[in-house]
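Swiss-Prot lists LYS18, HIS25, TYR134, ARG183 with the feature heme b binding site, giving similarity to another entry as the kind of evidence. The feature phosphoserine is assigned by Swiss-Prot to SER229, SER242. Taken from Swiss-Prot, the feature region 'Disordered' applies to 224-262. Here Swiss-Prot flags ASP140 as site 'Important for catalytic activity'. Here Swiss-Prot flags 1-266 as topological domain 'Cytoplasmic'. As annotated by Swiss-Prot, transmembrane segment applies to 267-289, with the evidence given as sequence analysis.
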Amino acid sequence: MERPQPDSMPQDLSEALKEATKEVHIQAENAEFMKNFQKGQVSREGFKLVMASLYHIYTALEEEIERNKQNPVYAPLYFPEELHRRAALEQDMAFWYGPHWQEIIPCTPATQHYVKRLHEVGRTHPELLVAHAYTRYLGDLSGGQVLKKIAQKAMALPSSGEGLAFFTFPNIDSPTKFKQLYRARMNTLEMTPEVKHRVTEEAKTAFLLNIELFEELQVMLTEEHKDQSPSQMASLRQRPASLVQDTAPAETPRGKPQISTSSSQTPLLQWVLTLSFLLATVAVGIYAM
């Protein structure tokens, strides 16, 4: 890897990360899915799949944050009460999948790839953990409330916020002020130009992992509508042993209310619209950072 020169990127880490991900911001601003997202058309089935993936991702991320909470390379960014999402996602899993959600939620290959990278970073390259925290938390914080309202309306969800706890940060009064604090803390992290370069590259990797996940889910849901075979569903339910209990997959709980969709929308179109929403959870939020 080519060593960056000291003056080849902004001095502040927050500015360096923003600069490094500028191309993704431009893509997000001009992408066609942004237009679809604004229509608020979201597939319930696809939304459930992504929420399950987010549960696995945040479980891994926050396990590694806890591992490194006293490590100087991350400690200034340790805000568990304000930012951590695992507990909120557990509430959402119970809403979407029922009381036995731990036994049945899917963990796709792309999700496993994402989880593996998070554990690898936390255990062997903790100085890169900031890139994943920055990409996820500030993005979610920036776009969370807007996305929550769109999802509530599109899927006729309760106004109380059930099923969407992930998008709510009850311990942050002002997202704008908190993001300013977070960036200031980021800029106190001591790192060489080479390490800073590696952190910015890892932020790009985080974006690629998200894109890989959404592309995979697009293929999976499209194929599932064509041929919903038992073997396919069994493969979908394979989960990392470190994340859930070692139990046999259970059948999906019955009795969950189903939200009807327009008969004029094909399954493929419904999924494209869902993908628009899912990508927006990264793109809209990150663009607002």
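For all residues, glycine too, the Cβ spot is worked out from N, Cα and C.
Swiss-Prot feature annotations superimposed on the structure.
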residue	record	Cβ neighbours (10 Å)
LYS18	heme b binding site	18
TYR134	heme b binding site	25
ASP140	site 'Important for catalytic activity'	21
ARG183	heme b binding site	18
> Using Cα coordinates, what distance in whole Å links ASP140 (site 'Important for catalytic activity') and TYR134 (heme b binding site)?
Replying inline: 10
